[in-house]
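Some features that TrEMBL has for this protein:
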type   : residues : note
DOMAIN : 59-180   : domain 'MI'
DOMAIN : 223-344  : domain 'MI'
DOMAIN : 356-477  : domain 'MI'
DOMAIN : 519-638  : domain 'MI'
Amino acid sequence: MYESWFPLILKDGAGGKGTWGKLLDTDIVSHIDRHDPNYDSGEEPYQLVGTTVTDPLDEFKKAVVSIIEEYFSNGDVELASSDLKELGSCEYYPYFIKRLVSVAMDRHDKEKEMASVLLSALYADVISPAQIRDGFFILLESADDLAVDILDAVDILALFLARAVVDDILPPAFLARAKKALPESSKGVQVIQTAEKSYLSAPHHAELVERRWGGSTHITVEEVKKKIADLLREYVDSGDTLEACRCIRELGVSFFHHEVVKRALILAMEIRSAEPPMLKLLKEAAEEGLVSSSQMVKGFSRLAESLDDLALDIPSAKALFQSFVPKAISEGWLDASLTKPATEDGEIQEDEKVRKYKKESVTIIHEYFLSDDIPELIQSLEDLGAPEYNPIFLKKLITLAMDRKNREKEMASVLLSALHIEIFSTEDIVNGFVMLLESAEDTALDILDASNELALFLARAVIDDVLAPLNLEEIGCRLPPKCSGSETVRMARSLIAARHAGERLLRCWGGGTGWAVEDAKDKIMKLLEEYESGGVVSEACQCIRDLGMPFFNHEVVKKALIMAMEKKNDRMLDLLQECFSEGLITINQMTKGFTRIKDGLDDLALDIPNAKEKFGFYVEHAQSNGWLLPSFDSPATDA
């Protein structure tokens, strides 16, 4: 039996390409007006409490995506191996295997072959045999999910499995043990059966499997390096920056652009007259977005690591490098973080504090994606006690949501609205989006269509009144004019200016989660009235479940209590008890519903004279049955 550590993934089942998750089945979208005198901030969409799960894989996940994409671009096994070792998280190598194969499955035969070659190269030297087995078992467990997005996933994964056996990185006995550990009806079992029957049982199966993807397509990095060296030398002779940029673009190795940076700087050191044009080329490549900021930093860093060796051939190498760095930073095409001294205690402590905050915020965000509990998230943020890092939290929230399904994207937008009302200033939101857009090029390396996604988040923030249209102008002015972030802002403006933009953006990811508040209230009233007439608890619970808005169940509690007061019928308590016992209404939602009643008791008493007395009775009943959080304060009643 193999124990899977792969993090639990929630499956909504609603949503799909171009949607942001499940919502009330209604054509009416009601937008909460925060300027309305009757506006109640509590009517914002709130909370579903669930199991909290921490996910320490987040940083590793982002790092391995870059390693995999870089490997698919340059085919450098040694570089991929060293980069993987540098991560220092060997306990997560099974996840690397899962990610490598699942990405390759959705690519051409060339990448599939490269993935198998890399696994063979990493076997034993970097990744242990046990981790190889664990990685493939995780893949088999994920076969049902992979089949949703990838045509012929079962057959492709079966071929990867067979190839691993043929390459002697998986023992044949693994198939039998894995089959026993998987549910019989799962696609993972189908994968094993296909591997056994269609590939491993065939005559000359080893040769068949090895040549299925066209044989070895391992590309040596030397050819890429030679092309880079040639185009840079041609540029030294011609001085044609546009032509050089075109040649770099045509190489099609965006994840290897750090080599362009490194070799350009070395040439500038070797040929003193080449320094001005080389720095001009790098500046132009950065401003065009041709070379990303991360690749630029990586190129400088790689050169810094080899300065001692380089100084043997170029005595002035260190002095020249030290002159290049501040010039590049001052001109805005190199991140200033490259020069942060590691010897100043204050900066080390600050960096450590930021790293710790980022790690904790990732955990908080993952918990929110599982629980949908906004009050809990806000409390966790307040407990961190670092409001100066609110923009960093916003950047993390949206970056993580962009790499997930539409449900999480919708949840992120809803959360932004709540955070803006509760604890985030407009300045925090603006600064967070500026940080996001400044790193848009790097984000695009890991997330397909990142620019469009960011534009939707920006436009949605304006529609939700989190940002004003003027804030987009402010954000745009803080970005370099030719960067991809500036283009994203322009795209967001276009989305907002389109006809029916409000309705379309509220539903851009299947959405408007929580915004059809009036419609939800109507449905809640109808189901409670039907229950009050018919008295079938199970049917009422099913109707609440069918609403699909667990974060709005506090409204069920509030309406049920008011109806109980008005009708002088305490049967509503039976319904609330059943909902609580089933976990349909959580303790947080129950507490919130009671809090809403408590806050409006004075107004309620104008229509229901004994409202305070009845509510006091309901509170006692709720507390005796464990419905309410200990923090709930009972209302003071008149003697």
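Heads up, the Cβ atoms here are built off N, Cα and C, so glycines get one too.
These numbers come from a predicted model, not from an experiment.
On the 0 to 100 pLDDT scale, the model's mean across the domain 'MI' (223-344) is 84.
For the domain 'MI' (519-638), the DSSP-based tally of helix, strand and coil residues reads 91 helix, 0 strand, 29 coil. The domain 'MI' (356-477): residue composition by secondary structure is 103 helix, 0 strand, 19 coil, according to DSSP.
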